[in-house]
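These notes are about the structure you will find just below.
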Amino acid sequence: MGIKFLLHAICVWTSTTCWVLTASTDDGLVRVSLKKQPLDLKRLNAARITRVGLESNVNDQGAGVVYLKNYLDTQYYGEIGIGSPSQSFSVVFDTASSNLWVPSSKCLFSIPCHLHSKFRARWSSTYTKIGIPCTINYDYGDVSGFFSLDHVKVGEIIVQDQEFIEITREAFVPFLVAKYDGILGLGFPEISVEQATPLWFSMMQQGHINHKLFSLWLSGDLTSELGGEIVFGGLDWRHFRGGHTYVPVTRSGYWEIVVGDILVESISTGVCKFGCAAILDSGTPLIAGPTQIVDQINSAIGAEGIVSMECKNVASKYGYALWNTLISGVRPEIVCVDVGLCLYNGSQKVSGRLKTLLEDETMEGSAMGESAVCTFCEMIVFWIQVQLKQQKTKDAVFQYVDQLCDDLPNPIGRSFVNCGSLEILPDVTFTIGNKSFPLTPQQYILKVETSYSTVCVSGFVPLDVPPPRGPIWVLGDRFLSAYHTVFDFGNMRVGFAKSAN
């Protein structure tokens, strides 16, 4: 009782509205633990955020859907139940969509459905058929199904007669490897397919929560079994430090706010100096923004495309050995065999192997695999050979090689950094509500474990949306794990406080 009184006094003293999570289960709060799925390179490389037009899958064209995602890269998910008795499903709690969907027992011809839990209507005594067909579009394909009605269990409460979608067809790639079964949207009704009522909205309407808000905490502790927590109806003071900075929701549909200038090591990037829209998206680990700013950030942190990075790695480690072997008279076609980077294959051409490399997204080994190292070696030998014929100096030759590595295409669109340089990389700071929200390198870089090493990937990816809808940012889990976030529907605002990770 004394602790509750003290917390109440603190809230009154700071003149801040305050909801505190206590140990009791009858205080109008619903807590859901989130699990964390580790990223791997294959899933991360396939993940994209893309812009689409207004002809999207929502009835309200004014909602302005501007991008699609594929959920392949989603890390955080939790458990819910549907039906009576309750059938368990793991779902992504996604703040950038609004529908609840899970696979149906009627999903017979999509392989992903057979690898996940499926809802069986005949097992539920509270099931009601609606039957309206629908399709939800994602970057890597669609999911299709029909609407149903049943009770949904979230935490310890039961939301009665909740609309949800039974999926009968799933896109193959994204959901085949997913550890979760479906999606639970936490966005507004405006972007809901068929304008179905979102589950969190039903919680409020049925009086399950005392306050019209939910809060999200994503753990930044890679060693913790608990990936995070979502609390409906309040917030847990143990998950943040200091007070929240609140800013208004500027457009209903997504949880959309305005961000100001973005700074790299205190230097303005300029584009959003007078404000840019930003969508809060717990369904992606990435931060997407205007190419002009993302290029500035990735340049400042030394991020490069994987092809360029691996080309430079080979040139740095083996360039002089290749040079010395060539000038000693060894035939160019066997130089890479001589230094141990290739197995002899006289019929294989550099151009054909490069084509194979650029189409390959398996990314194993030294981020790209042994065959890729051999390919880069053969390219570098060819480049050195051309320069030698022009009687260029060694320094000039390797400047030329470095430039050619820079010019190689980046087909998978990801930028990589040297994992050993994280301590010296600059902070990237977002201005929100005239306050600074910095991200450290450890927060904006994704560390991905491979079979052979750890690869560090920039969390910043380009997304260009023209005016008047853009420029726009998508603030995913790289941002949300750094800042505890309150989604306050009652006051149409969003609050951020430093996460207690």
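Just so it is clear, glycine is given a Cβ too, placed from its N, Cα and C backbone atoms.
Small disclaimer: the values here were computed from a predicted structure and weren't measured.
Annotated in TrEMBL:
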- 1-22: signal peptide (SIGNAL)
- 76-497: domain 'Peptidase A1' (DOMAIN)
- ASP94: active site (ACT_SITE)
- CYS107-CYS113: disulfide bond (DISULFID)
- ASP281: active site (ACT_SITE)
- 306-346: domain 'Saposin B-type' (DOMAIN)
- 370-411: domain 'Saposin B-type' (DOMAIN)
Between ASP281 (active site) and CYS107 (disulfide bond), what is the CA-CA distance rounded to a whole number of Å?
-> 28
Once the chains shown are all counted, how many other Cβ atoms turn up within 10 Å of the Cβ of CYS107 (disulfide bond)?
-> 23
PLDDT averaged over every residue in the domain 'Peptidase A1' (76-497) | 85
What residue among the active-site residues ASP94, ASP281 has the most other CB atoms lying within 10 A of its CB?
-> ASP281
Quick one: DSSP breakdown of the domain 'Saposin B-type' (306-346) into helix, strand and coil?
-> 29 helix, 0 strand, 12 coil
Using DSSP, break the domain 'Saposin B-type' (370-411) down into helix, strand and coil residues and give each count.
-> 33 helix, 0 strand, 9 coil
Expressed in Å to no decimal places, the gap between the Cα atoms of CYS107 (disulfide bond) and ASP94 (active site) is 23
Other C-beta atoms that fall within 10 angstroms of the C-beta of CYS113 (disulfide bond) | 24
Report, in whole Å, the straight Cα-to-Cα distance of CYS113 (disulfide bond) from ASP94 (active site).
-> 20
